[in-house]
Amino acid sequence: MLQMPSKQPISAGIVIVAAGRGERAGSSKEGPKQYRMIGGKPVIVHTLENFMTWEPATEIVVVIHPDDEALFARALRHIISATPIETVHGGPTRQQSVLAGLRHLKDKRISHVLIHDAVRPFFDHVLLDRIAESLDNGAQAVLPAIPVTDTLKRADSAGTVLTTVSREHLYAAQTPQSFAFETILDAHEKAAASGRSDFTDDASIAEWAGIPVTIVAGTPDNVKLTVKKDIAMADDKLSASLLPDVRTGNGYDVHQLEAGDGVTLCGVFIPHDQKLKGHSDADVALHALTDALLATCGAGDIGDHFPPSDPQWKGAASRIFIEHAARIVREHGGTIMNADVSLIAEAPKVGPHRESMRMRLSEYLGIDIERCSVKATTNETIGFVGRREGIAAIATATVVYRGVKR
């Protein structure tokens, strides 16, 4: 018997629109609202993580403002994923930003595209699967929406009510708005070529182009964070359901000194008449801190991950070790809150280099410099340290892990 060929699952590209300035949310040192912190992470990170863990998503492009390169790079430090995330600069309007994202995906092997506002972090896979099912069944354009429940009034310019508008067949549109890729790209290109740049969502462009738009049920939680109060409420929502899980790890290391031209401590080279002896660069401070970080999630110690018997680590920069440990912490759901290093040495003097060391720790760990501490003391000429035969380091790391549900 002749069998019909089975349908191929959709291969979805994701366009996340994050180029807006968000004036209604007020100014903040954290930047535009998509970079504000909720539940310990930037808004855009929550949005990205939802898509990165959704199987049909094969390509993700984030449309950002040209001024936000550093903000976006900092946000990405919260994410560990094999899913590639690419960026493209947006335009003056949302419509132009979306077109930039679509053009970036043009040469990718995708069948469909989901276009989503970065500041809608509370969608879920149930909604995404509902959209995918509609696309898989042949819909060219899919709009998640919820029926309007408020009573609607039409008023004149003076604020006088003219009439009550029937709510029947009225819906509030949400994102991700989803389409057959070539169909929406063509519609966007035609809208741009015609001089239209005033569309406020992508379903409107589909309607203008004569493409049927299918509604699927949205979710009440899938709200757009628009004003400052929205962001505060989102933070409360994410934080209230979690119990804090604060962990502290300790690390200790020591390396011998021998004749040389300097030592590397916390990634900073200090000229000296001795050097530290070791398989790698022998940065005793970073080695101790690596162990402290690994201890917070029970991930062994530095020797487990970088055996001194392995020739590939001979002479290696210890930055590799500390960044690896920080990555493991984040993979386990941890946020590094504080890193403290105490160096015990008779020489060289650490004080003149302390700020440079703190800056390096901040860079390696992806945390603010105020969360990085470096201290030093001598051993009062006692023992091997006192005899200038070695340098020791003690490190403490404080990490908050994603809590458990109450």
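Glycine too: its Cβ is placed from the backbone N, Cα and C atoms.
The region '2-C-methyl-D-erythritol 4-phosphate cytidylyltransferase' annotation in Swiss-Prot covers 1-246 and rests on sequence analysis.
Taken from Swiss-Prot, the feature site 'Transition state stabilizer' applies to Arg24 (among others).
Per Swiss-Prot, the feature site 'Transition state stabilizer' maps to Lys33 (among others). In the three-state DSSP scheme, Lys33 (site 'Transition state stabilizer') falls into the helix class.
Mapped onto three states, the DSSP output places Arg167 (site 'Positions MEP for the nucleophilic attack') in coil. Sequence annotations record features per position, and here Swiss-Prot assigns site 'Positions MEP for the nucleophilic attack' to Arg167 (among others) based on sequence analysis.
Every protein chain considered, the tally of other Cβ atoms within 10 Å of the Cβ of Lys224 (site 'Positions MEP for the nucleophilic attack') stands at 14. DSSP classifies Lys224 (site 'Positions MEP for the nucleophilic attack') as coil under the three-state reduction. As annotated by Swiss-Prot, site 'Positions MEP for the nucleophilic attack' applies to Lys224 (among others).
According to Swiss-Prot, the region '2-C-methyl-D-erythritol 2,4-cyclodiphosphate synthase' annotation covers 247-406.
Packing around His287 (divalent metal cation binding site) is summarised by its Cβ count: 27 other Cβ atoms lie within 10 angstroms of its Cβ, all protein chains included. Under the DSSP three-state reduction, His287 (divalent metal cation binding site) is assigned to helix. Sequence annotations record features per position, and here Swiss-Prot assigns divalent metal cation binding site to Asp253, His255, His287.
As annotated by Swiss-Prot, 4-CDP-2-C-methyl-D-erythritol 2-phosphate binding site applies to Asp253, Val254, His255, His279, Ser280, Asp301, Ile302, Gly303, Thr377, Thr378, Asn379, Glu380, Phe384, Arg387. In the shown protein chains, 21 other C-beta atoms lie within 10 A of the C-beta of Ser280 (4-CDP-2-C-methyl-D-erythritol 2-phosphate binding site).
What Swiss-Prot lists as site 'Transition state stabilizer' is His279 (among others), and the listing cites sequence analysis. Summarising the environment of His279 (site 'Transition state stabilizer'), the number of other Cβ atoms within 10 Å of its Cβ, over all protein chains shown, is 15.
According to DSSP, Thr378 (site 'Transition state stabilizer') is assigned to coil rather than to any helix or strand. As annotated by Swiss-Prot, site 'Transition state stabilizer' applies to Thr378 (among others).
Excluding the listed site residues Asp253, His255, His287, the same chain places Val254, Leu276, Gly278, Ala282, Asp283, Val284, Ala285, Leu286, Ala288, Ala392, Ala393 with Cβ atoms within 8 Å of the centre of the divalent metal cation site Cβ atoms. The separation of Ile302 (4-CDP-2-C-methyl-D-erythritol 2-phosphate binding site) from His255 (divalent metal cation binding site), Cα to Cα, is 14 Å. With a cut-off of 8 Å between CB atoms and residues at least 6 apart in sequence, the same chain places His287, Thr290, Asp291, Leu294, Phe321, Ala325 near Ile302 (4-CDP-2-C-methyl-D-erythritol 2-phosphate binding site), listed in sequence order. Each of the binding-site residues Thr377, Asn379 was scored by the number of other CB atoms within 10 A of its CB, and the lowest score belongs to Thr377.
Ranked by Cα separation from Asn379 (4-CDP-2-C-methyl-D-erythritol 2-phosphate binding site), the recorded sites Lys33, Arg167, Lys224, His279 are led by His279.
DSSP gives Asp253 (divalent metal cation binding site) a strand state.
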